[in-house]
Amino acid sequence: MTRCGWHTCTRVRPRMGETLLPRKASQHEFEPEEIRMKQEHTECPLLVSHNGIIILETFTANAKQATDFLIAIAEPVSRPAHVHEYRITPYSLYAAVSVGLTTEDILSTLDRFAKNTVPDTIVRFVRECTLSYGKTRLVFKGGRFLVEAATREVFDVLTGDAEISRLRAAGTVRDADARYVFEVRVDCIEQVRRRCIEIDYPMIEEYDFRDDVALRSLDMDLRDTVSIRTYQEVSLNKMFGNRRARSGVIVLPCGAGKTLVGITAMCTIKKPCIVLCTSGVSVEQWRQQVLAFSTVSADAVSRFTSERKEMFEADAGILITTYTMLAFSGRRSAEAQRVMEWLRGTEWGLMILDEVHVVPAAMFRKVVSAVSHHCKLGLTATLVREDDKIEDLNFLIGPKLYEADWQDLSMQGHIARVECVEVWCDMTAEFYREYLGQDPRRRRVLSIMNPAKFQTCEFLIRKHEALGEKIIVFSDNVLALRTYALKLGKPFIYGPTGQTERMRILRQFQTNPAINTLFLSKVGDTSIDLPEASCLIQISSHFGSRRQEAQRLGRILRAKRRNDPGFRVYFYTLVSKDTEEMYYSRKRQQFLVDQGYTFRTVTALEGFRDTDVRVFRGKAEQRELLATVLLASEEDLESEESEDGDEAAADRRHLRTRGGAEDTVPASRTRTERHLLFRKMHKRHRR
């Protein structure tokens, strides 16, 4: 019998909107309770509310230990300087037990740090979630898929279930640790997993890579000159426990070394690895860093992109490709089809999903199930989307294993300190008159091409170039991108730019002292490593996407000079006054505000009035620019599509709603599409 990963041979796929957590947790109702403060409450860092909200005072004596504990059991909501807000959810408790915490561990530690008596409804909620969580594990071991039960009672519940019994393989065995174990058929793994959720015993997925002798080992270690930081080590310890590899997601800020975490995971497992990226540029950068940080040979690292279709010849190796290459369902070239057949026929010990927040999008959902693999590691800086589909990661990949605090890493010098500035640009009278009478798409482009915004962008570029800094300018709209870049004489990269040309422009930006400004479309949002950049100017964006705001900020967080005394990077957002841009700008900033960043609003830049700006100063030039927008085709008015197809669709619906064309709930699912857990949660929030 040919072995294969559980995602290749399954016959039943998970349905959208399916409950991902046990019924007990999803049906729990938080009951209001009076807060009862302890006598020694001033010395304790936590205030625990009856609705699952936990407030952390960062200035108390035990704040550091309490923070480490909360990261393990709760979801961070907001983390400004002195007071943090967390929320306990079924997902966060699922993640807690997956890394070894027990019910009593959670309750006793929560009580020790709490200012008040932990509400009874929270105690019941934790018990309901955790008493059955972590009691079953799906383990790939010795060429078989085994379900391990923690106790005889749990074993009897599982084997006594009619549906699970039907899906079992012949025979029941005990492993060396005397756990109760039974084997399940390879083609039924997903059905068993879903059934365990339905009967209140969600499984933790693990890969016993040390005892996997069937898969050839990969000769790969970290180079002696490479050292990992403390927070990277902590995140990896969450993944590798009990001498096995857990599937899950690690959340680190942009520039904090997510790639090195992934490479270290490869070196630990030492089995064939497949890495999924968002673009061809990130494929090249992943390959460069794998070879720079590890001892693996170049022949063992292959690429599968539109321009390179390689297959390593060794028994074990690394394949780096893009989500799009795997998700493509159209006709392929003979060469690409040959690589796809080889890829599908190969067993992968580890699948790394870079920028994992894109995986739940409609075009990528099938990627995870297209390849035979035994362990999944998701990497991202922003576990947030505008369409609620981030919830699906718990089903597609696994629980969140670790999430770092952006401000902590900034204070330690691991990522740069940032000054965030929102610059309000007056609309010229002629542009604003047309803005009021146009359809939503053309209004949006008019606000982007506002001559005052053009002049502000030119002023900021000249100012920071004079300081010897490298500048990135972002625009989602391609018409604006080309117009700005060509008018200011700067290079630009967008969707149609070929892979070879992209790499050439990026190299010039990094190494040529004469090329100090680069214009990027959405293709630069993620996975492009430009540590030379220390200033970012955003002239247009993707509606209210919090994820995109954080990803773009991340392009300058890894600045090489971040540890220089007094050094900081600059993040400018240019907004046309009295337009929809002002509404969306506030929405976009929310994630970064929750991470402790502050935005300074400026209506007049210092020195701007005294500077001889060169672009669109005359009325004739401004009218010509206005005519360009008014005569632009519908295609030119569209923003460039991103990988987050579903998120983009949600925000377009929102734009139409605000324009009066459609009556929909913006960026959300219908009630029936939500997981049961979240239907109840949203109902409570509405009340």
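Cβ from N, Cα, C; glycine included.
Between the listed ranges 82-85, 158-161, 354-357, 618-621, Swiss-Prot ties the annotation motif 'DEAH box' to 354-357. Summarised as a single figure, the pLDDT of the domain 'Helicase C-terminal' (455-609) averages 89.
The record gives Leu252, Pro253, Cys254, Gly255, Ala256, Gly257, Lys258, Thr259 for ATP. Within 8 Å of the mean position of their Cβ atoms, the other Cβ atoms in that chain belong to Val261, Ala381, Ile415, Gly554, Leu557, Arg558. Counted within 10 Å of its Cβ, the other Cβ atoms near Cys254 (ATP binding site) come to 23, all protein chains included. Packing around Gly257 (ATP binding site) is summarised by its Cβ count: 22 other Cβ atoms lie within 10 angstroms of its Cβ, all protein chains included.
Each of the binding-site residues Pro253, Gly255 was scored by the number of other CB atoms within 10 Å of its CB, and the largest score is that of Pro253. Cβ neighbour count for Leu252 (ATP binding site) (all protein chains, 10 Å cutoff from its Cβ): 25.
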